[in-house]
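Quick notes on the structure that follows.
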Ligand code: MRU
């Protein structure tokens with residue numbers, strides 16, 4: 001079993017609060033912050049102190065448990081109304097990653113099933129812990145399946161950070177690299193920096209270096225040249241929402257990489273747990289794409305790099321159509337096209 005010794009858990013339940021690895025401070029500062037209220041949890045998701053689809057979902061679940069514990073009313077109806085308000089607030093933090101809504105739905109079902117306030121409080125903590133434990137297990141299995149697709153000595157390109165710090169543990173797209181390291185299975189990883197907020201440069205490079213994985217950082221516009229020059233064998237990315245037909249929303253820039261993979265004739269893999277699938281939508285056109293503050297483009301680390309008042313467009317995600325995806329790696333196995341037909345055999 002993989003231990004990932006150098007990597008801390010990025011989200012931890014501490015009974016009176018949640019302890020969070022502040023991903024905004026990485027890599028220069030490794031700090032853990034304490035979240036003491038639903039507002040703290042909401043703010044940390046909004047400001048990307050915690051980010052990555054599964055981590056957002058499980059942090060929000062702990063946020064609901066925390067909010068419920070802090071309720072002082074003795075009337076069950078009022079308690080449920082107040083906790084529902086917490087759930088609604090957390091659901092409004094970020095729109096694209098479906099894991100958030102999946103986790104909050106589980107918390108809501110747990111809340112509604114409770115017969116008393118004390119059992120509700122206990123059940124909500126248990127449910128959030130279960131979501132966390134399941135995510136860790138799903139990511140470990142994704143790592144196993146993902147690694148089976150690689151050959152010793154392969155060079156693999158990734159985008160954004162779909163790593164251990166974006167999940168309970170191991171990560172999705174980065175899980176095979178962690179397992180490979182543990183097993184002395186040589187792989188070379190190329191990480192795109194991931195503008196505008198540099199999850200690749202700040203987080204993936206940091207995470208893989210902590211784990212001793214051979215990682216090389218490139219800027220986003222170097223991808224085509226690097227794939228060609230360094231004979232990249234494949235591309236693997238995470239996902240924020242996968243529609244019933246396999247169309248996949250992931251960090252902005254993913255679509256361009258999928259097009260490059262097709263051009264160069266290399267496989268393009270998506271790695272995601274079943275909690276990232278949204279089978280209620282037929283295709284990627286229905287996935288809401290978050291647009292974020294213009295300052296993410298016009299500033300880098302607090303320094304203005306573009307003229308004041310320049311017009312900007314800052315979509316945080318793009319959608320890769322299913323025909324550009326070689327396979328989707330889940331905890332239940334590797335899904336290949338025809339995705340519409342095959343996804344229901346792996347995810348329900
Ligand atoms: O805006 P972010 O940093 O939350 O975007 C994260 C991604 O796009 C990840 O690739 C995705 O959530 C998968 S994390 C396992």
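Cβ coordinates come from backbone N, Cα and C, glycine included.
Positions annotated as substrate binding site by TrEMBL: 51, 52, 53, 94, 199, 250, 251. The Cβ of residue 94 (substrate binding site) lies under 8 Å from the Cβ of 45, 46, 56, 100, 290, each on the same chain and at least six residues away in sequence.
Under DSSP, residue 160 (site 'Transition state stabilizer') is assigned to coil, being neither helix nor strand in the three-state scheme. Residues within less than 8 Å, Cβ to Cβ, of residue 160 (site 'Transition state stabilizer') and separated from it by at least 6 positions along the same chain comprise 192, 194, 199, 200, 204, 237, 238, 250, 251, 253, 254. The feature site 'Transition state stabilizer' is assigned by TrEMBL to 160.
DSSP assigns residue 240 (active site, proton donor) to coil in the three-state reduction, placing it in neither a helix nor a strand. Counting only same-chain residues six or more apart in sequence, the Cβ atoms lying under 8 angstroms from the Cβ of residue 240 (active site, proton donor) belong to 53, 96, 97, 98, 99, 249, 250, 251, 276, 317. Annotation comment: TrEMBL describes 240 as active site, proton donor.
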Where residue 53 (substrate binding site) falls in three-state DSSP terms: helix
For residue 250 (substrate binding site): DSSP state (helix, strand, coil): strand
Env. residues of substrate site, Cβ within 8 Å of mean position of 51, 52, 53, 94, 199, 250, 251 Cβ: 56, 97, 160, 161, 162, 166, 238, 240, 316, 317
Reduced DSSP assignment, residue 94 (substrate binding site): coil
Count of other CB atoms lying within 10 Å of the CB belonging to residue 53 (substrate binding site): 29
DSSP-derived class (H/G/I helix, E/B strand, else coil) of residue 199 (substrate binding site): helix
